[in-house]
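Engineer: Attaching a single structure in structure tokens format; questions to follow.
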Amino acid sequence: MAKLITLGEILIEFNALSPGPLRHVSYFEKHVAGSEANYCVAFIKQGNECGIIAKVGDDEFGYNAIEWLRGQGVDVSHMKIDPSAPTGIFFIQRHYPVPLKSESIYYRKGSAGSKLSPEDVDEEYVKSADLVHSSGITLAISSTAKEAVYKAFEIASNRSFDTNIRLKLWSAEEAKREILKLLSKFHLKFLITDTDDSKIILGESDPDKAAKAFSDYAEIIVMKLGPKGAIVYYDGKKYYSSGYQVPVEDVTGAGDALGGTFLSLYYKGFEMEKALDYAIVASTLNVMIRGDQENLPTTKDIETFLREMKK
């Protein structure tokens with residue numbers, strides 16, 4: 001059984017029950033979210049282990065996050081409670097102003113999650129992992145969180161990184177500079193990205209050209225293409241898996257579902273093509289409900305989907 005450790009901010013998500021502008025929405029659902037937490041749960045659903053290094057506030061939302069993730073099987077022993085700052089929250093506006101798309105409105109400045117620091121990274125714990133994962137979000141939330149990622153990556157035997165650029169957290173110029181700096185310092189086993197992020201980082205949105213440039217930094221590259229599917233590049237090879245047409249409730253977390261499922265199935269010994277096909281299903285199921293983690297499927301559930309559904 002493989003073990004993944006992630007570093008990042010855990011957030012509480014308030015997802016609008018009805019589509020449209022938030023000024024007219026009265027009711028919301030509460031969910032535990034955050035990219036690295038989503039990766040953890042997706043990884044566990046395929047029969048592997050995951051722990052997360054993170055901070056939450058000494059508040060009801062923080063305890064909600066700990067209890068929920070523990071219930072999903074996540075090792076929360078390195079989640080710390082910070083009494084000096086609140087757990088970050090965000091609201092999701094769905095299907096407005098663009099149908100089938102979601103917008104996140106964050107209230108996370110000065111959050112407990114942003115106070116993650118190198119002191120929170122235990123060397124022996126990181127050494128116990130087969131793979132250590134983080135994202136551009138963690139680089140962006142604070143300088144100390146970025147330093148925590150650097151420390152963990154220095155220790156890690158294998159590294160995974162999702163570019164996950166959020167322009168509400170930093171400018172395109174800063175994102176490009178900091179991500180290229182990290183890529184130049186640490187060779188990755190996995191780089192997970194998309195064409196929008198590739199355009200910011202490399203000035204190139206063509207998937208094949210971007211993957212060729214990224215191959216200097218990573219062994220395996222997963223290029224997410226939204227509803228069109230995804231491509232995996234490895235050993236000079238390329239495999240494309242198309243998406244499925246399903247009713248879309250909320251696309252938030254779909255990329256994390258894909259990435260976390262793919263990583264886990266790779267460590268289960270799946271061939272790249274099969275791992276990506278299954279990961280596409282996980283991403284597809286994720287967009288059909290509200291919440292980032294509740295619809296993450298097991299391997300058995302994915303296989304049931306594949307028997308019944310056609311692309």
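Each Cβ is built from the backbone N, Cα and C atoms, and glycine gets one as well.
Pasting the feature list from Swiss-Prot:
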type: BINDING; residues: Gly34, Ser35, Tyr106, Tyr107, Arg108, Arg166, Gly253, Asp256, Asp292; note: substrate binding site
type: BINDING; residues: Asn164, Ile165, Arg166, Lys224, Leu225, Gly226, Pro227, Lys228, Gly229, Gly253, Ala254, Gly255, Asp256, Ser283; note: ATP binding site
type: ACT_SITE; residues: Asp256; note: active site, proton acceptor
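Neighbours and distances for these, please.
Structural biologist: Long-range Cβ proximity for Arg108 (substrate binding site), meaning a same-chain Cβ under 8 A and a gap of 6 or more residues, is found for Glu9, Leu11, Gly88, Ile89, Phe90, Ser114, Ile141. According to DSSP, Arg108 (substrate binding site) sits in a coil region rather than a helix or strand.
Within 10 Å of the Cβ of Pro227 (ATP binding site) there are 16 other Cβ atoms, across all protein chains.
Cβ contacts within 10 Å of Asp256 (ATP binding site), excluding its own Cβ and spanning all protein chains shown: 29.
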Engineer: In whole Å, how far is Gly34 (substrate binding site) from Ala254 (ATP binding site) when you measure between their Cα atoms?
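Structural biologist: On Cα coordinates alone, these residues lie 12 Å apart.
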Engineer: Given a separation of at least six residues and a C-beta threshold under 8 Å, show me what packs close to Gly34 (substrate binding site) in the same chain.
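Structural biologist: Same-chain residues close to Gly34 (substrate binding site) (Cβ under 8 Å, separated by 6 or more) are Gly8, Glu9, Ile10, Leu11, Ala54, Gly113.
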Engineer: Please find which two of Asn164, Ile165, Arg166, Lys224, Leu225, Gly226, Pro227, Lys228, Gly229, Gly253, Ala254, Gly255, Asp256, Ser283 have the most distant C-alpha atoms, given that the record lists them as binding ATP, and give only that distance in angstrom, rounded to a whole number.
Structural biologist: 21
Engineer: For Asp292 (substrate binding site) and Asp256 (ATP binding site), what Cα-Cα distance in Å is obtained after rounding to a whole number?
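Structural biologist: Answer for this pair: 8 Å between alpha carbons.
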Engineer: List every residue in the same chain as Gly229 (ATP binding site), at least 6 positions away in sequence, whose Cβ is under 8 Å from its Cβ.
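Structural biologist: Same-chain residues close to Gly229 (ATP binding site) (Cβ under 8 Å, separated by 6 or more) are Tyr240, Ser241, Ser242, Gly243, Ile280.
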Engineer: Just how many other Cβ atoms lie inside 10 Å of the Cβ on Arg166 (ATP binding site)?
Structural biologist: 15
